[in-house]
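**Student:** Just passing along the structure, written as structure tokens.
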Amino acid sequence: MLLVIDVGNTNITLGVFDEDKIVGTYRITTTIPRTSDEFGLLFCDLLHVKGIERTSIDSVIIASVVPAIMYSLTSAIIKYLGITPLIVGAGTKTGIKVLTANAKEVGADRIVDLVAAYEEYGGPVFVIDFGTATTYDLVTEDGKFTAGITSPGIRISANALWNDTAKLPEIEILKPDSILAKDTVSSMQAGLVYGNIGATEYIIKKVKEESKLGSLKVVATGGLGKIIADATDMIDIYDPNLTLKGLRYIYQKNR
């Protein structure tokens, strides 16, 4: 079985594949620092909960945007699973040609998402990942990554509201029934959710106009992506496991 690990700024997401089938997914907080033993024991416990023996894992691939965590994480995989993981980085075969101004600055998570979207749904495709930051990336019909957009994620905006104001409370991020809010909590929810829906729809519209790709498919992923995807008909597909699928595709290209 293949263990795939996506290290994000907020969460670490793990998936286990048996051939092309996901048999387990897990999400833990990206806590720094953690020792290799903490990671190792945590991973073994998570696998055990789903009835997956650690000895059944024969391959591991990691994509990370948090360099500080990689030594402990890699050491844990080697020590507890007996496997040297494949780490997505420069020189990794992806099948996507990066044509942005500085390819080395593109986060591994973005490339992984693009690989999955292109392999699963074909191009041209516009991928939106509602993570810590919200990223929007464009891949052409022939697999070229030509443009990307980055904005503050929904949770970053929410944290700014309750951390940088004296009286606004911490709230659950949900779409209220109406944008015409009548209390503090629903007014914050309306601003966060409807504001992001509006921004997303405008960006999609402008990208379609400027790229002149009328047949562009729009694919969304990320923890809060379903809230936005369910509220607009401009997103064609919501795939919560897009990044995990991308890691599997990349592993297959590099085995």
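Including glycine, each Cβ sits where the backbone N, Cα and C put it.
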**Student:** Record says Asp6, Val7, Gly8, Asn9, Thr10, Asn11, Ile12, Thr13 bind ATP. Source is Swiss-Prot. Which of Thr132, Thr134, Thr135 does it list for that same site?
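**Tutor:** Between Thr132, Thr134, Thr135, Swiss-Prot records just one in the ATP site with Asp6, Val7, Gly8, Asn9, Thr10, Asn11, Ile12, Thr13, namely Thr132.
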**Student:** Measuring Cα to Cα, tell me the gap between Thr184 (substrate binding site) and Thr132 (ATP binding site) in whole angstrom.
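**Tutor:** Cα of Thr184 (substrate binding site) to Cα of Thr132 (ATP binding site) measures 24 Å after rounding.
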**Student:** Is it possible to get the count of other C-beta atoms within 10 angstroms of the C-beta of Asp6 (ATP binding site)?
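**Tutor:** Result for Asp6 (ATP binding site): 26 neighbouring Cβ atoms inside 10 Å.
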**Student:** Would you measure the largest Cα separation among Gly107, Ala108, Asp109, Arg110, Thr184 for the substrate site and round it to whole Å?
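**Tutor:** For the residues that bind substrate, the greatest Cα distance is 38 Å.
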**Student:** Just give me the nearest neighbour of Gly8 (ATP binding site) among the recorded positions Gly107, Ala108, Asp109, Arg110, Asp129, Cα to Cα.
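**Tutor:** Closest candidate to Gly8 (ATP binding site), judged by Cα separation, is Asp109.
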**Student:** Name them in sequence order: residues not among Asp6, Val7, Gly8, Asn9, Thr10, Asn11, Ile12, Thr13, Thr132 whose Cβ is within 8 Å of the mean position of the Cβ atoms defining the ATP site.
**Tutor:** Thr30, Val65, Val66, Asp109, Gly131
**Student:** Measure from the CA atom of Asp6 (ATP binding site) to the CA atom of Ala108 (substrate binding site) and give the result in Å, rounded to a whole number.
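**Tutor:** About 9 Å separate the Cα atoms of these two residues.
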